[in-house]
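Visitor: According to Swiss-Prot, the record shows the following:
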| type | residues | note |
| --- | --- | --- |
| ACT_SITE | C138 | active site |
| ACT_SITE | H276 | active site |
| ACT_SITE | N300 | active site |
| DISULFID | C135-C178 | disulfide bond |
| DISULFID | C169-C211 | disulfide bond |
| DISULFID | C269-C322 | disulfide bond |
| CARBOHYD | N72 | N-linked glycosylation site |
| CARBOHYD | N217 | N-linked glycosylation site |
| CARBOHYD | N221 | N-linked glycosylation site |
| CARBOHYD | N268 | N-linked glycosylation site |
| SIGNAL | 1-17 | signal peptide |
Amino acid sequence: MTPTVLLLILCFGVASGAQAHDPKLDAEWKDWKTKYAKSYSPKEEALRRAVWEENMRMIKLHNKENSLGKNNFTMKMNKFGDQTSEEFRKSIDNIPIPAAMTDPHAQNHVSIGLPDYKDWREEGYVTPVRNQGKCGSCWAFAAAGAIEGQMFWKTGNLTPLSVQNLLDCSKTVGNKGCQSGTAHQAFEYVLKNKGLEAEATYPYEGKDGPCRYRSENASANITDYVNLPPNELYLWVAVASIGPVSAAIDASHDSFRFYNGGIYYEPNCSSYFVNHAVLVVGYGSEGDVKDGNNYWLIKNSWGEEWGMNGYMQIAKDHNNHCGIASLASYPNIF
């Protein structure tokens, strides 16, 4: 295909999108742009409006099916509304799973004695939801959240820890700042560094910067860390008895980015390819646990406007759904 033909097709697509705009959505589109401070050139606005309307139609269709009992969760428009599916997927990078954590033959049996419900928020282990912005720092938020919980267990004080400290300084152990990283490498950094600053002394900037760690400002430290086998049983034991656990999931689907509430189950989710780090802060079930409507409660880093005030219920005991147990780890503080 020649560049000229490609340009004509792109221009035709924009023009067609402009003609197809639904005037009934004018007010919603204007309100959405205001809410998220969106500003476009005339040509760009035509394209983004078309994408936004397509996403709006998808959300409304999904929610209609939810009202008919065809799925267990709802969706809503949010800050990702003007992105295509491909653009959204490109904004989250695949997280490599070390070979030591990909053994599919871990023993799976019914564990006796574990509670059917846990929510570490109710026991004071979890700091408020934050927003990573355009930086790919999910791994740092997940790591900081797990350390925050263990520091609360040890000291009785809940202190937001510095995500920026992890972004800027853990490149020495393999993380890549806003580009990508893993929580267990962040734990490795804190272990070797013998300290991590608080958010108050090393605030979040949402971009890469030079390492500015000051040992006199250290607010947390860890003794070691544990990488869990990729099996939901091990994750269950850890979340039930240890505290919030860092994990990673396949978050590349439209259903995830527009999630609103309910137990998330995405048939196309991968159990082996993960691209977004989260913090598992509990688990439970809707109705009787024997009915199989079990969920993990995860804390995201996309702000309180996303999901259930920044949280999601994701299907539990569904063959490692979305890879929830594929890259789980937690720090120890003795």
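In case you wondered, yes, glycine gets a Cβ from its N, Cα and C as well.
Worth saying up front: this structure is predicted, and the values here are computed from it rather than measured.
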Visitor: Measure from the Cα of C211 (disulfide bond) to the Cα of every one of the active-site residues C138, H276, N300, then give the nearest.
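Guide: When the Cα distances are compared, C138 comes out closest.
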Visitor: Highest CB neighbour count within 10 A among the recorded positions N72, N217, N221, N268, N300?
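Guide: Comparing the recorded positions N72, N217, N221, N268, N300, the most crowded Cβ belongs to N300.
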Visitor: Can you check which residue among the disulfide-bonded residues C135, C169 has the largest number of Cβ atoms within 10 Å of its own?
Guide: C169
Visitor: Anything within 10 Å of C322 (disulfide bond)? Look among the recorded positions N72, C138, C169, C178, N217, N300, comparing CA atoms, and list what you find.
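Guide: Correct set: empty; none qualify.
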Visitor: Going by DSSP, is H276 (active site) sitting in a helix, a strand, or coil?
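Guide: SS state of H276 (active site) = strand.
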Visitor: Could you check the disulfide-bonded residues C178, C269 and say which one's CB has the fewest neighbouring CB atoms inside 10 Å?
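Guide: Counting other Cβ atoms within 10 Å of each of the disulfide-bonded residues C178, C269 gives the minimum at C178.
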Visitor: If you count CB neighbours within 10 Å, which one among the recorded positions C138, C211, C322 has the smallest count?
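Guide: Fewest other Cβ atoms within 10 Å, among the recorded positions C138, C211, C322, is found for C211.
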